[in-house]
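Remarks on the structure that follows.
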Amino acid sequence: MSESVHTNTSLWSKGMKAVIVAQFLSAFGDNALLFATLALLKAQFYPEWSQPILQMVFVGAYILFAPFVGQVADSFAKGRVMMFANGLKLLGAASICFGINPFLGYTLVGVGAAAYSPAKYGILGELTTGSKLVKANGLMEASTIAAILLGSVAGGVLADWHVLVALAACALAYGGAVVANIYIPKLAAARPGQSWNLINMTRSFLNACTSLWRNGETRFSLVGTSLFWGAGVTLRFLLVLWVPVALGITDNATPTYLNAMVAIGIVVGAGAAAKLVTLETVSRCMPAGILIGVVVLIFSLQHEQLPAYALLMLIGVLGGFFVVPLNALLQERGKKSVGAGNAIAVQNLGENSAMLLMLGIYSLAVMVGIPVVPIGIGFGALFALAITALWIWQRRH
């Protein structure tokens, strides 16, 4: 437990293995829990408009704690912060298992996720260095994508068998993540002894927001990534209602399979962007962003499984090609102005605010009785128009 970052910077050190395993199990639990809890809402006859509210309480925790979680990660050993955060997730999942209101339990999971995010990326630079750090980030992303794919499908498949079994599996995944965190070496805090004056912390965070917003390139990146992830999470919930209407399938597993196609496509698109787009040619990604909206519109009109799977894979490819260069631009420019950690925290705030707004509009549309197919058509058209407007604005500035 006393292994030092200075004594072992191997990519496959005990500490690095523990981080990757913990990340996989934690992300697996996050994705499985979403679909397991959605199945619970269906089983308990909650109204359809309440489904996106579940994700809204989750991202609300991110927004509420955005000014503070970065300092928490830097003020304590990051492995212990990760363990505490996964403990909160475990408590939230277990509370849903034992009949506590699912929205309350899921909010607790959101608080844990908000605390976990800055620590999981920050610890990589403390466990390894140099070129190995890039590879470590690659391992982290690979484990996350694998967890999204397997967790989403597992949540839906297990929920079709028994909802309680699916929820229990999520709790076990979080429990495994807590155990894995124990094996992360207890490293020194990066910035101990900082002031915990909440007003000053909030002011400092708002200053970082202002600095990034005043820079044309980082503002462009923030708006683009926020639109993308807001649309992405809304599409997840759109699929849950779209599948029974368009395909006539009422199980919990099919929407998870469709979501998995998007995740696979993102990996392919991200790889293509890495080869074809540089920081100097970021605007090359913009046509892909516009096409996302067009393909969502076409997808909404489908009634057969094969075209639906293919179009969602294409949406993922376009999404990966669109968002990866924007992320790289923000990290590079943000690192020089407000620091990488602050840039990520501001980006998290923007993306989660967009998710909250888009999910709120989607929930309202469902509540007033707009059919899911017209919602999908309008959603795709508006997204394409928004990215077109962003591209025109970027070219003028």
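Every residue gets a Cβ built from N, Cα and C, even glycine.
What you see is a predicted model, and the numbers here were worked out from it, not measured in a lab.
Listed features, source Swiss-Prot:
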type	residues	note
TOPO_DOM	1-17	topological domain 'Periplasmic'
TOPO_DOM	39-52	topological domain 'Cytoplasmic'
TOPO_DOM	74-90	topological domain 'Periplasmic'
TOPO_DOM	112-144	topological domain 'Cytoplasmic'
TOPO_DOM	188-226	topological domain 'Cytoplasmic'
TOPO_DOM	248-256	topological domain 'Periplasmic'
TOPO_DOM	326-343	topological domain 'Cytoplasmic'
TOPO_DOM	388-397	topological domain 'Cytoplasmic'
TRANSMEM	18-38	transmembrane segment
TRANSMEM	53-73	transmembrane segment
TRANSMEM	91-111	transmembrane segment
TRANSMEM	145-165	transmembrane segment
TRANSMEM	167-187	transmembrane segment
TRANSMEM	227-247	transmembrane segment
TRANSMEM	257-277	transmembrane segment
TRANSMEM	281-301	transmembrane segment
TRANSMEM	305-325	transmembrane segment
TRANSMEM	344-364	transmembrane segment
TRANSMEM	367-387	transmembrane segment
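A Cβ distance under 8 Å defines the sequence-distant neighbours of the transmembrane segment (305-325), meaning residues of its chain 6+ beyond its ends; these are 224-225, 228-229, 232, 235, 246-247, 257-259, 261-274, 276-279, 282, 284-286, 288-289, 291-292, 295-296, 298-299. Outside the transmembrane segment (167-187) by six or more residues, the chain places 1-5, 14-15, 17-19, 21-23, 25-26, 28-29, 32-33, 36-37, 40, 77-80, 82-83, 86-87, 89-90, 93-94, 96-97, 123, 126-127, 151, 154-155, 158 with a CB less than 8 A from a CB of the stretch. Under the criterion of 3 or more C-beta pairs below 8 Å, with sequence separation of 6 or more, the transmembrane segment (227-247) and the transmembrane segment (145-165) do not qualify as touching, having fewer than 3 such pairs. Each of 91-111, 145-165, 367-387 was scored by its Cβ pairs under 8 Å to the transmembrane segment (257-277), and the highest score goes to 145-165.
Nonlocal intrachain contacts for the topological domain 'Cytoplasmic' (39-52), taken as residues 6+ away from its ends with a CB within less than 8 angstroms of a stretch CB, comprise 96, 102, 155-156, 159-160, 163, 166-167, 234, 237, 240-241, 252, 359-360, 362-364, 366-367. Just going by CB pairs under 8 A, the stretch in 18-38, 53-73, 367-387 that sits most against the transmembrane segment (145-165) is 18-38. Mean predicted confidence for the topological domain 'Periplasmic' (248-256): the pLDDT average there is 94. Note on the topological domain 'Cytoplasmic' (326-343): DSSP counts are 16 helix, 0 strand, 2 coil. Long-range contacts of the topological domain 'Periplasmic' (248-256) within the same chain, counting only residues at least 6 positions beyond its ends with a Cβ under 8 Å from a Cβ of the stretch, are 35, 38-39, 42, 152-153, 155-157, 159-160, 236, 239-240.
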